[in-house]
Amino acid sequence: MDFIKRQLSRITRVKTIPEDLHETSLRRCLNTFDITLLGIGHMIGAGIYVLTGTVVREKAGPSAVLSFLFAGTAALLSALCYAEFGARIPKAGSAYSYTYVTIGEIWGFLIGWNIILEHMIGAASVARAWSGAMDAIFNQAIRNGTIEHIGRLSHDNEWISEYPDMVAMGITLIAFLIIGFGAKISVNFNSVFTILNALVLAFIIIIGFTFADPSLWSSSSGHGGFFPFGFSGTLSGAATCFFAYIGFEGIAIASEEARDPEKSIPRATVLSLLTVTTLYLLVTAALTLMIPYYETNTSAAFPFAFDEVGAHWAKYIVAVGTLLGISTSLLGSAFSLPRSVYAMAEDGLLFGFFSFVHSKTQTPIYAVIVFGALSALMALLFEITTLVEFMSIGTLFGYTIVAASIIILRYQPVSKCQFKLRAEETQTEAAEPVDTSVVNVSETTPLSKSDPSTPVKTDKSGLLPKSKSHDDFGRLRQNLREVPILRRFEPGDGVKSAVVLMGLFMVGLMLVVIEGAEYLRTATWWAVLLVIVFSLLIVIFYLVIVAHEKNDAFLTFQIPFVPLIPALSMLINIALMLSLTYLTWLRLVIWITVGLLLYFVYGIHYSRENKKIQGYGPMVEYKGDAALPESTMSGMTEEVKALQPSRKDEGLYQQ
């Protein structure tokens, strides 16, 4: 039993935050504008030029506009959680670091492991999209030439590519080569490509709407209407569209290289997401109003659409924009991947040589080389559709854990909170100086915490007005302290348990809603009953969280309406995860199993937190005689002195 407790304490230990959070081996050289363009560039590449066609034709039709809106809303809720943590923990690990600090090591490792997979697949899938766009310009000459001279890899296999994509592999290697030269050079490339791409998108929107046919959204036109796949198709499309917004995580990862992360990260996150969501809605609307959804070309949606409406000249401008946009997405994934690996290696959870930073470029060079090569290999061999679905589920899993971490952090007691807080203040801190000429020294007048030399006003009874102390954080509210079940929990533990249970019942609710949709339509009693029961349980545990005292005393950016916004983020992310295929879930389970094997073989033993715990051994070990000399005991006598005001203050009060 003791062995199990020791192991549980090891895997749930939290990361100790260093005294100086801004200290880093990387170079702090990025401003808000740089980081905003990094986020926009990462999000508007493959999402617009590749995903839009796939979602419109195969999943949602014209209602893909709503799919992008739903996915953007879910992304914004998650992004706000990221922004709060990114401002508070300006480190490259992003969700990995946030979870490690708040919930514990094994959860942090799993999130970090999924982030690595996310960015590897992100780079590979975007490279495949770049290759496909280039091939479309040359009328499939690259594909046909490769099959003719090298041969096929597979026939109709959803995992393995039809042919070895040498172009995708080559462009991936070039992207990681640029990243290897340093953050500022990488971001400068990204900024130029992003601005040029924005101009092309403006062109697509303006010219596209000039060919708009509103009847294509009407069900009476014979084109399937706005919801040709039903509302479930719209939701399924939203789960896939979430891939398009994944780039905002790169903003948080860039926080370790931001000059002023406390301000830059929240601003860049919100600005980039609002910009990107607006662009997605407009270009999707333009596409679905130009041609019927079922005529959309999934590999080159916009060039094909302009060709269909007779604007042949426009498709070449769009083709150039496609390459520019996809290049920014590729650079974004290539930028984030080695920094995620670096963060885990720096903490000892991955092999130490990955944390080596090159003295000239100030980049984690071995992480760039090894994971750049792995991404290039994936781009060579795997199909883009498989890559995208696999990435979405791991990302949604990470976002759910980050949202839960925000709630847990906000209700932690001060004893477990590692962040600096504002000084305690009374509610009247109305701490106006009292007229000292009428104060009698015999009266016990409390002093202001912010300025010990300044007395504060008391009410007529001579007592301080009621105020919330930092010691209350994580405890039940004053009027609920006697609730029988909840009062048994230590401060913060009740909220942590409630968050876990609320998350489990959210999974149950979404399973019934998604998998039992047919039964709900016919109002089958057991399906309706399950929805009611799960909904009530979610509300109950949400109210349990609200019943505790919340910590709003952090010095850095805080999202409003906690726990509401993080709870909504959890619910939406869980719904999107459960909308993905069973095969995608199987892939996630396999990847997590490999990660857990690596953690228990290597990470748990070489973790920096494990070394810290082991380091305390010699300090507490004593093997000498327990009897101490009398002289030593006499020297330990405690001298207690009465607390008195200084002579200066004493004279002031006696005046």
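Cβ from N, Cα, C; glycine included.
Taken straight from TrEMBL:
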type: COMPBIAS; residues: 442-456; note: compositional bias 'Polar residues'
type: COMPBIAS; residues: 638-655; note: compositional bias 'Basic and acidic residues'
type: DOMAIN; residues: 557-607; note: domain 'Cationic amino acid transporter C-terminal'
type: REGION; residues: 442-468; note: region 'Disordered'
type: REGION; residues: 636-655; note: region 'Disordered'
type: TRANSMEM; residues: 64-83; note: transmembrane segment
type: TRANSMEM; residues: 166-185; note: transmembrane segment
type: TRANSMEM; residues: 192-212; note: transmembrane segment
type: TRANSMEM; residues: 224-248; note: transmembrane segment
type: TRANSMEM; residues: 269-293; note: transmembrane segment
type: TRANSMEM; residues: 313-335; note: transmembrane segment
type: TRANSMEM; residues: 365-384; note: transmembrane segment
type: TRANSMEM; residues: 390-411; note: transmembrane segment
type: TRANSMEM; residues: 497-517; note: transmembrane segment
type: TRANSMEM; residues: 523-546; note: transmembrane segment
type: TRANSMEM; residues: 553-576; note: transmembrane segment
type: TRANSMEM; residues: 582-602; note: transmembrane segment
- [ ] Count the residues of the domain 'Cationic amino acid transporter C-terminal' (557-607) that DSSP assigns to helix (H, G, I), to strand (E, B) and to coil, and report the three numbers in that order.
- [x] 40 helix, 0 strand, 11 coil
Task: the transmembrane segment (224-248) touching the transmembrane segment (390-411) per 3+ Cβ pairs under 8 Å rule - done: yes
- [ ] May I ask you to check whether the transmembrane segment (553-576) and the transmembrane segment (192-212) make contact, with contact taken as at least three Cβ pairs under 8 Å and only pairs 6 or more apart in sequence counted?
- [x] no
Task: Folded-back contacts onto the transmembrane segment (269-293), same chain, C-beta under 8 angstroms, at least six residues removed - done: 36, 39-40, 43-44, 47-48, 52-53, 56-57, 61-62, 64-65, 68-69, 72, 75-76, 79-80, 82-83, 86, 201, 204-205, 208-209, 211-214, 216-217, 223-224, 228, 241, 244-245, 247-248, 251-252, 301-302, 305-306, 308-309
Open item on the list: If contact means at least 3 Cβ pairs within less than 8 Å, sequence distance 6 or more, would you call the transmembrane segment (192-212) and the transmembrane segment (313-335) in contact?
Closed with: yes
Open item on the list: Let me spell it out: take the transmembrane segment (166-185), skip the flanking residues so only those 6+ beyond its ends count, and list any with a Cβ under 8 Å from a Cβ in it.
Closed with: 26-27, 29-30, 123-124, 127-128, 130-131, 134-135, 142, 146, 254, 257, 327, 330-331, 334-335, 338, 361-363, 365, 368-369, 371-373, 375-377, 379-380
